Amino acid sequence: MRVSRLQAVALGVLALLGLKDAGGPVKADTIEEKAGVCASCHGANGVPTAKNIPIIWGQTEGYLYLQLRDFKKGARQNEVMSQIASTLEKDDMKALAAYFAQKTWPVLDQPAASDEVTRIAKTVNSSVQCTSCHLERFQGNSTVPRLAGQSHDYLVKTTAEFRNGVRGNNPGMTSLMKATPEDDLVKVSTYLAGLAGSY
C-alpha cells in the first residue's frame, strides 16, 4: 500500500507526540519540541514546505487556538491536522498558539496584484466587508486571522473550501464566500497574497 507524503508526515508526528515504538514511549515534552513537529509542514523558518500550506508564524493567537480546537473536535477536517490535533490537550493547543503567534511573519515575496485584480478585490471587499473583521490592512486581530501576505495557494484553497462547504467551521465565512463568484475569490487571494509588509 502506498503511503502519501502527508500520511507519512502524520504518522511521524503521531509517533513523536506520544505513540509507542519498539524502543518504548516517545513523546515531545517541551513546547519547542512540539513546535518542531509543526515545522515538518509549516517550515522551520516559518515558510511552509508546500504552497498550499498556511503560514502560522505571526498568525493571531486566538485564531491558531480555535483552528487546533476545531481540528480536534472535527469541526474542521484535514488529513494531517485532524490526526495531530487529536493528540493535543487544551493546554498544548494554547501553548502552541501563543508560541507561533509571537514569531515574526515570514515574507514569501509573492508578486503584488495587478491594477485590475486589485480593483476587483476591492470591489469584493466593498460588497462583503472583509475589512470589518480582518481590519483595514488585513492584519487580523484576536480570533480573526491575518490574510495579508498569506500563501496564495492556501488562500485559494481555503476560500474554495468555505464556498463549497468542505470547510464548515465558520458559517459566516461560508455564506460570504458563496455570495462571491469563484473567479473573484481567486483574484482576492492574489491581492491578499501580494500585500507586502509586516505588522
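A Cβ is built for glycine as well, from the same backbone N, Cα and C atoms used for every other residue.
Among the candidates Met81, Met173, the one that TrEMBL lists alongside Cys130, Cys133, His134 as binding heme c 2 is Met173. Other Cβ atoms within 10 Å of the Cβ of Cys41 (heme c 1 binding site), summed over all protein chains shown, number 20.
Around the Cβ of Met81 (heme c 1 binding site), the same chain contributes Gln67, Phe71, each under 8 angstroms and 6 or more positions distant in sequence. Around the Cβ of His134 (heme c 2 binding site), a 10 Å sphere holds 19 further Cβ atoms from the protein chains shown. In the three-state DSSP scheme, Cys130 (heme c 2 binding site) is classed as coil. Neighbours of the heme c 2 site: apart from Cys130, Cys133, His134, Met173, residues of the same chain with C-beta atoms within 8 angstroms of the site's C-beta centroid are Val128, Gln129, Thr131, Ser132, Val144, Leu147, Leu176. Here the C-alpha separation of Cys38 (heme c 1 binding site) and His134 (heme c 2 binding site) works out to 25 Å.
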